[in-house]
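Novice: Below are the features listed in Swiss-Prot for this protein:
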type     : residues         : note
BINDING  : 39, 84, 174, 226 : divalent metal cation 2 binding site
COMPBIAS : 413-425          : compositional bias 'Polar residues'
COMPBIAS : 445-463          : compositional bias 'Polar residues'
COMPBIAS : 512-522          : compositional bias 'Basic and acidic residues'
MOD_RES  : 128              : N6-acetyllysine
MOD_RES  : 464              : phosphoserine
MOD_RES  : 474              : phosphoserine
MOD_RES  : 478              : phosphoserine
MOD_RES  : 479              : phosphoserine
MOD_RES  : 485              : phosphoserine
MOD_RES  : 499              : phosphoserine
MOD_RES  : 514              : phosphoserine
């Protein structure tokens with residue numbers, strides 16, 4: 001089947017779907033599935049905008065609300081994970097995944113689903129070592145700390161994913177697995193993004209948690225975004241046992257959705273022709289969710305996952321045949337993901353802006369139904385009970401030094417904290433942190449939300465997106481992608497990209513939809529939303 005992969009979406013749903021439509025007209029057939037690697041920005045209304053970790057003047061409604069309201073419908077089944085610029089209050093309603101709009105499905109904090117027999121997993125957020133061992137304690141209204149910590153990856157999600165034993169076909173993460181740059185054209189990457197050099201040389205660029213998952217899961221494909229550059233790599237894994245076939249992972253990171261940027265790629269993925277063409281739950285993953293329900297922590301206290309160190313009665317939560325049988329019986333042997341989307345919040349109305357809309361910590365009926373079927377407790381229900389008991393959400397958020405559960409280990413598993421680039425990125429505009437702090441929503445006051453008007457010309461294909469490349473039928477990492485190569489005029493590899501039939505797609509001329517001419521030097525395209533993703537907090541790793 002034909003699968004499209006998008007990098008950082010940044011709310012540009014219309015542009016992405018329009019680009020897909022153009023690619024379909026030029027290509028061999030329709031796209032069956034769209035995968036988005038974070039910064040999706042499922043913003044329904046003005047309150048959601050205030051929960052996105054960017055300065056107020058760079059918050060824009062974009063066009064997702066039209067898909068949420070039913071005014072528009074996604075033309076292709078769309079799956080996405082969360083990044084570090086999201087409507088966090090919206091995604092928090094769906095910790096185990098769910099529909100954010102008809103035909104648009106969020107994978108949750110971490111999740112695994114199946115589509116046409118293809119097993120797709122993902123983890124939302126970015127890595128930060130000081131939040132990694134905390135629970136999911138954040139809830140609206142967020143403060144200056146929780147508006148950022150809510151999208152930081154937690155060890156419980158990594159732990160659950162590491163219980164998987166069956167092969168994964170595709171895995172999504174927002175930030176890159178650490179060290180993946182050593183398996184691709186590193187020289188080309190550093191010529192394109194020279195400010196990565198220090199992190200690459202120190203081997204601190206990317207997420208160590210994602211790297212741990214890559215080593216454990218060994219998926220056929222791994223897609224990421226976050227660093228705003230296209231990069232391919234081929235990682236050959238070592239076989240654990242003699243006689244066992246060594247597996248390999250094809251890694252691809254994509255750019256953000258801007259004109260003349262490599263933000264979209266189409267691949268041919270092998271699938272099971274006899275498998276249903278609707279989204280299915282994954283039985284192994286559901287069994288793991290059920291088994292690990294008692295491990296959920298909704299405080300900010302540090303918490304170590306069970307391990308075989310003599311301190312835990314149980315440390316293996318992988319799915320058993322008996323456990324999977326029980327889950328199947330609970331679901332009446334029906335693994336189809338129900339199309340049970342419902343509107344849970346007021347939708348943005350351009351004619352009636354509501355800049356003082358109240359923030360509410362909602363319980364989503366999709367999550368309630370899912371938890372009832374599986375026999376687990378909604379994280380948000382636990383949070384609300386905790387809030388009632390302590391009169392404040394996230395009471396323990398500053399207690400990083402609290403003794404962790406049943407473990408003598410006080411230090412984080414990882415001694416670095418650089419999921420994203422810590423160098424200054426000249427591709428972005430640095431924003432004043434003091435201004436950023438002013439953006440945080442107070443629990444006791446409403447805040448005006450500037451710039452909530454939708455994007456201009458939302459229904460038209462922008463001329464600035466006219467430089468659309470013919471997309472390859474499949475991703476094959478050629479030898480030129482994993483060795484040093486010359487750089488062309490836009491800092492892109494001089495190597496080849498092959499289609500499924502071996503054709504060199506770099507030789508296909510670029511086709512344009514307007515009379516504009518390609519300049520000798522790359523234009524600086526100033527768009528209303530391109531600067532918002534440069535917001536750097538005091539730890540310098542939430543920039544991308």
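The backbone N, Cα and C atoms fix where each Cβ goes, glycine too.
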Novice: Would you count the other CB atoms within 10 A of the CB of residue 84 (divalent metal cation 2 binding site), including those on all shown protein chains?
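Specialist: Other Cβ atoms within 10 Å of residue 84 (divalent metal cation 2 binding site): 31.
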Novice: Using the alpha carbons only, what distance in Å do you get between residue 84 (divalent metal cation 2 binding site) and the residue listed as 'N6-acetyllysine' once rounded?
Specialist: 11
Novice: Quiz question: given the recorded positions 128, 174, 226, which has the greatest number of C-beta atoms lying within 10 angstroms of its own C-beta?
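Specialist: In terms of Cβ crowding, the pick is 174.
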Novice: Taking only the Cα atoms, work out how far residue 174 (divalent metal cation 2 binding site) lies from the residue listed as 'N6-acetyllysine', in Å, as a whole number.
Specialist: 13
Novice: Give me the CA-CA distance between residue 226 (divalent metal cation 2 binding site) and the residue listed as 'N6-acetyllysine', in Å, as a whole number.
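Specialist: One finds 14 Å between the Cα atoms of these residues.
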Novice: Using the alpha carbons only, what distance in Å do you get between residue 39 (divalent metal cation 2 binding site) and residue 128 (N6-acetyllysine) once rounded?
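Specialist: Here the two Cα atoms are 17 Å apart.
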Novice: Determine, from DSSP, whether residue 128 (N6-acetyllysine) sits in helix, strand or coil.
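Specialist: Note: residue 128 (N6-acetyllysine) is coil by DSSP, not helix or strand.
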